[in-house]
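*Asks:* First, the structure itself, so that you have it in front of you.
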């Protein structure tokens, strides 16, 4: 082996180690923020999902600006027009609705069922893409969505902790997440308006805070006073909120980095596996009851998502 080969081998090893580290950080931040949200909103008794989301968005505003303006993780992209800013504001509104609805659902549903419903995102994406762009997928792609939806129906019937309001909020969060994806593709499609996800977050997060402040005041009265009073009894709530909010930013950062350093196929596989890992860890931590019917339903949904991904890949080829 020559010196160059050894150097290349060492570089490849370091590259693989870096990628493994990124994926580990991505999994840890994603699953960590999900479980901590569940703990705060359900087990700890901090029943203020809108305020919690506002904390998340505030952290995303500060950290994303610092990462781009000071650390220069990516070049700063300035909005080119008022119209582009209006489009970003529209995306921010949908983004807010998705995160708030998802956090509300965690008050009423176990993480395992929350993830089962969340796995139906491809179904809603296909529906919105068809309604808004008249984009038709292949017959096989639509056929793959049948087990996705059927699995959630089965899981709902077999969920011991089923709550209708929580289920509606979770479906709303999933639909809003899919809508944001489709809208982003439509609104930011021209070359002059394309903006990377880190810059988009830097502009969306402050707008989200502005939207969430009045919502928090009107819907979660005196939450700041209540939080201060709670902190006097248990200072840990402040550390929980700070750590949770920081994790919310790192979810976006690690997602961007993993997307940048891995292939689209790897990202799909990792994304599908992440939901299953979150389900297993949440059951071990929270000890929520699960039924065989519920787990069969979730498994069917995951299989449907994998089939959908494969059908989409074949269509592109």
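Even glycines carry a Cβ here, placed using N, Cα and C.
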*Asks:* If TrEMBL is the reference, give me the range from 200-217, 218-235 marked as transmembrane segment.
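*Replies:* Going through 200-217, 218-235 one by one, TrEMBL gives transmembrane segment for 200-217.
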*Asks:* For the transmembrane segment (139-156), what are the same-chain contacts with Cβ under 8 Å, counting residues 6+ beyond its ends?
*Replies:* 113, 116-117, 119-120, 122-123, 126, 162, 167, 293-305, 307-308, 310-312, 314-315
*Asks:* Averaged across the domain 'Sugar phosphate transporter' (22-309), what pLDDT does the model get? Just tell me the whole number, please.
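*Replies:* That stretch averages a pLDDT of 92.
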*Asks:* Could you tell me whether the transmembrane segment (17-36) and the transmembrane segment (265-286) have 3+ CB pairs under 8 A, leaving out pairs under 6 positions apart?
*Replies:* yes
*Asks:* Cβ pairs under 8 Å with the transmembrane segment (237-258): which stretch of 17-36, 48-73, 162-179, 200-217 has the most?
*Replies:* 17-36
*Asks:* Would you mind listing the long-range same-chain contacts of the transmembrane segment (112-132), meaning Cβ under 8 Å and 6+ residues beyond its ends?
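*Replies:* Sequence-distant neighbours of the transmembrane segment (112-132): 34, 102, 105-106, 141-142, 145, 148-149, 151-152, 155-156, 159, 161-162, 167, 170-171, 173-175, 177-179, 181-183, 186, 275, 278-279, 282-283, 288, 290, 294, 297-298, 301-302, 305, 308-309.
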*Asks:* Under 8 Å for C-beta pairs, could you tell me which stretch among 17-36, 48-73, 85-106, 162-179 has the largest tally with the transmembrane segment (200-217)?
*Replies:* 48-73
*Asks:* Sequence-remote contacts (6 or more beyond its ends) of the transmembrane segment (85-106), Cβ cut-off under 8 Å?
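*Replies:* Contacts with the transmembrane segment (85-106): 34, 37-38, 41-42, 49-50, 52-53, 56-57, 79, 114, 117-118, 166-167, 169-170, 172-173, 176-177, 179-180, 183-184, 187-188, 193, 200, 203-205, 207-208, 211-212, 215.
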